[in-house]
Amino acid sequence: MSKPIVMERGVKYRDADKMALIPVKNVATEREALLRKPEWMKIKLPADSTRIQGIKAAMRKNGLHSVCEEASCPNLAECFNHGTATFMILGAICTRRCPFCDVAHGRPVAPDANEPVKLAQTIADMALRYVVITSVDRDDLRDGGAQHFADCITAIREKSPQIKIETLVPDFRGRMDRALDILTATPPDVFNHNLENVPRIYRQVRPGADYNWSLKLLERFKEAHPEIPTKSGLMVGLGETNEEIIEVMRDLRRHGVTMLTLGQYLQPSRHHLPVQRYVSPDEFDEMKAEALAMGFTHAACGPFVRSSYHADLQAKGMEVK
């Protein structure tokens, strides 16, 4: 498929086609240049995939999406097999084109007005007690999708009054005031927004995003709801140093964030940003110790940790790595 000149609405652009649209060019990694995964990065697949197929079927039946599938998460088999999933609202096409992410880029269609009801019913049918709701970036919407988040939260709580809801939100670039007015009126139980990496390489990792803007989003939500935990996550292995990661942790604490996730970046395809290093489990343990010493109440740090990986256990302060 050649580089599209005009993107067609509703078409998913992935891998080389997606990367061709990024202003900061990324050269595809030659296979012989790929870093070999260390032993600690090997995943054991479950012997029985019945539960996995059941969750996928429930998603398809209601026209829902999971970030687990759309972003090719390495923990999909484990989480689905335990009956948990992170739901991705507002469609499966992102208006951003971050070169670390496997979610498709393009011109998305209008949000499904029935999605909040379908999502709430699916969650009730699955009898979930803790759910994570995330979304693609929707720079095409005046509120960045904030009202859709609020509608989903309201619908879920109507069907499942005892449930705990964590939202993993985009940065609402250029729409922070409007988005926060909506989100603070219908708050989740945990408010999550990922910084992803360090300021020095932000333009390469998150083109179109701004490090300080993301910190401000987290801070302003916390100011509006001091009683609600705020959370953020980073990937390691993109060219940053451990010292830079620790400095980002300090920035997060200065902006009121109390929950942290650190995990290893994995290259979705050779067209995405390459893995520069694999961080050892011992290094993750050291960074967790630093985080707790800084005052984070929860810190999940490990090779396979993702922002929503065992989020229910993270919220309880249980060991996740």
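Every residue, even glycine, has its Cβ placed from backbone N, Cα and C.
Lifted from Swiss-Prot, the feature list:
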- CYS68, CYS73, CYS79, SER308: [4Fe-4S] cluster 1 binding site (BINDING)
- 80-297: domain 'Radical SAM core' (DOMAIN)
- CYS94, CYS98, CYS101: [4Fe-4S] cluster 2 binding site (BINDING)
Original post:
Sorted by position, what residues of the same chain at least six away from CYS94 ([4Fe-4S] cluster 2 binding site) have a C-beta under 8 A from it?
Top reply: CYS101, VAL103, ALA104, HIS105, GLY106, PRO108, VAL136, ASP137
Subject >> Separation of alpha carbons, CYS98 ([4Fe-4S] cluster 2 binding site) and SER308 ([4Fe-4S] cluster 1 binding site) (Å) >> reply: 19
**OP:** Indicate whether CYS98 ([4Fe-4S] cluster 2 binding site) is helix, strand or coil by DSSP.
**Re:** coil
Original post:
Taking the Cβ of CYS101 ([4Fe-4S] cluster 2 binding site) as the centre, how many other Cβ atoms fall within a 10 Å radius?
Top reply: 23
**OP:** Sort out for me which one of CYS98, SER308 has the most neighbouring CB atoms within 10 A, since those are the binding-site residues we care about.
**Re:** SER308
**OP:** Report the mean pLDDT of the predicted model across the domain 'Radical SAM core' (80-297), rounded to a whole number.
**Re:** 94
Original post:
What does DSSP say about SER308 ([4Fe-4S] cluster 1 binding site): helix, strand or coil?
Top reply: coil
Original post:
Other residues with Cβ within 8 Å of the Cβ centroid of CYS94, CYS98, CYS101 at the [4Fe-4S] cluster 2 site?
Top reply: ARG96, ARG97, PHE100, ASP102, VAL103, HIS105, VAL136, ASP137
